[in-house]
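Student: Below is the structure I would like to discuss, written out as structure tokens.
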Amino acid sequence: MDVYGLIGNPVGHSLSPPMHEAGYEALGLDARYVTFEPDADAAAAAIAGAADLGVAGLNVTVPFKRDALDAVDPAPLAERIGAVNTVDYGPVRAGEAERPRGHNTDAAGVTRALAHHDVAVDGRDALVVGAGGAGRAAAFALADAGAAVHVANRTAERATELAADVPDATGGGLDDLAHRVATADLLVNATSVGMEAPEETPVPADHLHGDLAVLDAVYAPIETRLLREAAAAGATTVDGAWMLLYQGVEAFEIWTGEDAPVDAMNAALRAELE
């Protein structure tokens, strides 16, 4: 049996176990997905040594995504983003490497969610609201896919610092948000606004327009105020569960070498969110 899992603290709320288990069942794989919740001072050692416990792959969630960088051989994209959320122990178990391979599949979660909804990225103007971990992954993903990226953040300095790391990106505060939305083809909410307070939105309704595609990283609730108001304005909307799904799909495919059963994984995920 192959053992995969999630490491973070806390992890009790995670939707990854049912999503991945549904994938293994759909393909008839002899595999399990478990959770690990170490203390912060033990996280790096746990990630580095998980192969010794028979673990084939790990997802990494907050607050350990940056700690994981020091415990793995990071893939180029993960190194550029500065965070690892997927660890592949295959090369270590095969005796081909001393350190596991670290990936960032959050970026693929963005682009594959958009592709699923036929949203073009190449050549488009993309606005990323938020300069935290999700915003960083989104900005790199969209820029690498050919978009011109602008990062807007409440603290302008954080947006400009992120933009400096992303090819041809710009960044700033929220003072010109109306103009930025008006000229954007694609909007990604990479903040948590709308999650704990569902009546809140990061972008006022009167900024939204019908030529926009809107991806909200928030997945609980699935239909946020931002998405409701974007749909009312005629925009294409993509809920955060698609982003969560496709980062998991990408990890599944890295670990197993199989095409992930997307429909089965999506059904399991959305059943948990209902």
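Glycine residues also receive a Cβ, built from the backbone N, Cα and C atoms like all the rest.
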Student: For the shikimate site that TrEMBL assigns to SER14, LEU15, SER16, THR61, ASP106, TYR219, GLN247, which of ASN85, ASN266 is also named?
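Tutor: Of ASN85, ASN266, ASN85 joins SER14, LEU15, SER16, THR61, ASP106, TYR219, GLN247 in the shikimate site that TrEMBL records.
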Student: What does TrEMBL list, out of GLY102, GLY194, GLY240, as binding the same NADP(+) as GLY130, ALA131, GLY132, GLY133, ALA134, ASN153, ARG154, THR155, ALA156, GLU157, ARG158, ALA217?
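Tutor: Checking GLY102, GLY194, GLY240 against TrEMBL: the NADP(+) site match is GLY240.
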Student: Please work out the helix, strand and coil residue numbers for the domain 'Shikimate dehydrogenase substrate binding N-terminal' (6-87) from the DSSP assignment.
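Tutor: Once the DSSP states are binned, the domain 'Shikimate dehydrogenase substrate binding N-terminal' (6-87) shows 37 helix, 18 strand, 27 coil.
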Student: What's the CA-CA gap between THR61 (shikimate binding site) and GLY240 (NADP(+) binding site) in angstrom, rounded?
Tutor: 16
Student: Whose Cβ lies within 8 Å of the mean position of the Cβ atoms of SER14, LEU15, SER16, THR61, ASN85, ASP106, TYR219, GLN247, the shikimate site, other than those residues?
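Tutor: Once SER14, LEU15, SER16, THR61, ASN85, ASP106, TYR219, GLN247 are set aside, the remaining close residues are LEU6, ASN59, LEU244, GLY248.
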Student: Taking only same-chain residues 6+ apart in sequence, whose CB is under 8 Å from that of SER16 (shikimate binding site), what do you get?
Tutor: LEU6, TYR33, ASN59, GLY248
Student: Taking SER14, LEU15, SER16, THR61, ASN85, ASP106, TYR219, GLN247 as the record's shikimate-binding set, what's the max Cα pairwise distance in Å, rounded to a whole number?
Tutor: 18
